[in-house]
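Written out below as structure tokens is the structure these notes cover.
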Amino acid sequence: MRRLDISSRGAVLASILALAASPASAFYFPGTAPTSYKQGDAVPLFVNHLTPADSQYDPKLRSVFSFDYYHPEFHFCQPDGGPKEIRESLGSILFGDRIQTSPFELRMGKNESCKSLCQATYEPNDAVFVNSRIYQGYDLNWLIDGLPAAQLLKDPNTDQPFYSPGFALGMVNEGTPEFNNHYDILIDYHEASKDSYRVVGVLVDPYSMHDSNNCNDAQSAVVLNENEVNKVSFTYSVYWRESPTPFATRWDKYLHVYDPKIHWFSLVNSAVIVVFLVGMVSTILVRTLKKDIARYNRLDQFALDDFGENGDVEDGVAEDSGWKLVHGDVFRPPKNPLLLSVLIGNGAQLFAMTALTIAFALLGFLSPSNRGALGTVIIIFYTLFGFVGGYVSARTYKFFHGESWKLCFFYTPFALPGLVFATFFLLNLFVWGRGASGAVPFTTMLVVVVIWFVISVPLSVAGSWLGFKQAAFDPPVRTNQIPRQIPPAGGYLRPLPSMALAGVLPFGAIFVELYFIMNSIWFSKVYYMFGFLFLCFGLMIITSAAVTVLMIYFLLCAENYHWQWRSFFTAGASAAYVFASCLLYWVKDVSWTSWTSGVVYLGYSALLSCLVFVLTGTIGFCASWLFVMKIYSSIKVD
Ligand SMILES: *[C@@H]1O[C@H](CO)[C@@H](O)[C@H](O)[C@H]1NC(C)=O
């Protein structure tokens, strides 16, 4: 009952947000209110796109493109008068859903065996197309009453059965592609009250039957001959099974966590790293810094007391190595202050969006039963947090004594969103060019651009204006006129080694979750481990902050005061590891049959790494900023 409350509340909230975000009423939010059917009522079956999947026989990803169900070469049976589009939320469309009507006729509670659908003709080139999709392991995705048609799989570790959305287009049997033309549809229903039934589970068993007219011919399969014209009949059977599962928990069997042990193991692993790191940083902060500060202040006092008598005491302090020496330079603005401010503004926007989305997901608002909710919420939050981005970038720029204000106002809303959109657009052109129908429709792109211009850009400019109006942060020490010479430093303090060393830790906190996220993106699987994701995100923030503060402390001790860019790059270096892990995933789990898939995969991996770079870099910079402000405000400088 509680769960139902949460999901319906989520639906209400999300629909309010969705309404607020969509300028036209073309997109609406599908609610999760239960639909009740009477005995014999028609239950519609909708078809979604075809997606590449990992079959049990061949767990490799062979393509990244998805196809419209009514893509001409498939020749799937169409309803009378042609298929109609089902309206969807913006997030659902952006994440690839293309839902349309189908010719299947399902009546609540009425079993039917071997209903004929239609006969289709496959020319040789169609046969080539379909066969290669079977080799690539494509899945069909259907929806009945909002539930995905699934295959019953067993968890190899626990032997627990669960529903895995999607079922195979065909099967490769000893090198021959067999095309499925008969579907056994098993629907679980639950009697909510007298003559009021609800759909609570959908399984589809596809078969390939050469003579499908009597539906018993499991012996000879349909193999599309690539040299002649093939005729294939499509049939289906429907079986309704009474189930004790109530509507409120019908998604449970779909939201299967594959291997919870791996998640816990990685979580404990990264927690150990974090404890170790935080221990190290706090030792330094508490012990070393306290000692440093006490010593500096004592020497200062000493120098003042004995001024005149012992003239070289002050020189003695100045000779002292350590971070105090650079107090006159540590707040000197970095090179390219505009670029850094814009990056940090965008990072703050990304951070706010990610944190709030994960928090929302954790509260159960974004369960997969709200189709497309995740995508929609991401867009809404990102749009609204344009304000945060503008504000942070302006305040940082002011702190850096920036002067090109117009550029700062302009670049902040356009830099990262522009990059994301450009990549998205280019890769979509690729998908279009490839002839796959999984490309995001042009109108949807247009809607996204309109939302961005009408809401996000003004909010960002307003935020920048507010930040610009406020007084700059006051640095605790004055900056000298003449920059100090930086002594050469070796070892791990050089830029590349320090980045390589520091970046690996935040990456270590997220890489297992990252693997699961990539699996769910490329294999279109349900991702519902937001609890783990939340903890990992927290650990990543702490590690990024701690490791960067540590590096910056060592850097300042080596009398190098260029900490601003360094802190950004030190934390951001984890993005390089993210990209490397995408490449590793390619080597391990992917086997392309065309180079275009590789291009799209690399493009999205690069984009993902870029976002991780800006996000972690911003965390590193902000942590270092706080740290530097703190330590220099606790020493006395004449
Ligand atoms: C429909 O088929 C299912 C599965 O074979 C069976 O359990 C059920 O009793 C059948 N229902 C009717 C009304 O025949």
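Note: Cβ is positioned from N, Cα and C throughout, glycine not excepted.
Per TrEMBL, the features are as follows:
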- 1-26: signal peptide (SIGNAL)
- 264-286: transmembrane segment (TRANSMEM)
- 338-366: transmembrane segment (TRANSMEM)
- 372-394: transmembrane segment (TRANSMEM)
- 414-433: transmembrane segment (TRANSMEM)
- 445-468: transmembrane segment (TRANSMEM)
- 500-522: transmembrane segment (TRANSMEM)
- 528-556: transmembrane segment (TRANSMEM)
- 568-587: transmembrane segment (TRANSMEM)
- 599-628: transmembrane segment (TRANSMEM)
The transmembrane segment (372-394) vs the transmembrane segment (528-556): 3 or more CB pairs under 8 Å: no
Range from 264-286, 338-366, 414-433, 445-468 with most C-beta pairs under 8 A to the transmembrane segment (599-628): 338-366
For the transmembrane segment (528-556): best-contacting stretch of 338-366, 414-433, 445-468, 500-522, 568-587, by Cβ pairs under 8 Å: 500-522
Contact ranking winner - 414-433, 445-468, 500-522, 568-587 against the transmembrane segment (338-366), Cβ under 8 Å: 414-433
Within-chain partners of the transmembrane segment (414-433) [C-beta distance under 8 Å, separation at least 6 from its ends]: 65, 342-343, 346, 349-350, 382, 439-440, 445, 448-449, 452, 456-457, 596, 599-600, 603-604, 606-607, 610-611, 614
Tertiary contacts of the transmembrane segment (445-468), as residues 6+ beyond its ends and Cβ separation under 8 Å: 21-24, 26-27, 90, 94, 345, 379, 382-384, 386-395, 397-398, 405, 408-409, 412-414, 417, 421, 425, 428
Long-range neighbours of the transmembrane segment (568-587), counting only residues six or more past its ends (CB under 8 A): 340, 343-344, 495, 498-500, 502-507, 510-511, 514-515, 518, 544-545, 547-548, 551-552, 598, 601, 605-606, 608-610, 612-614, 616-621, 623
Long-range neighbours of the transmembrane segment (500-522), counting only residues six or more past its ends (CB under 8 A): 52, 61, 64, 258, 262-263, 265-266, 269-270, 273-274, 277, 492, 529, 532-533, 536-537, 539-540, 543-544, 547-548, 550-551, 570-578, 581-582, 585, 589-590, 601, 616
Distant-in-sequence neighbours of the transmembrane segment (264-286), which means Cβ under 8 A and at least six residues beyond its ends: 505, 508-513, 532, 535-536, 539, 542-543, 546-547, 549-550, 553
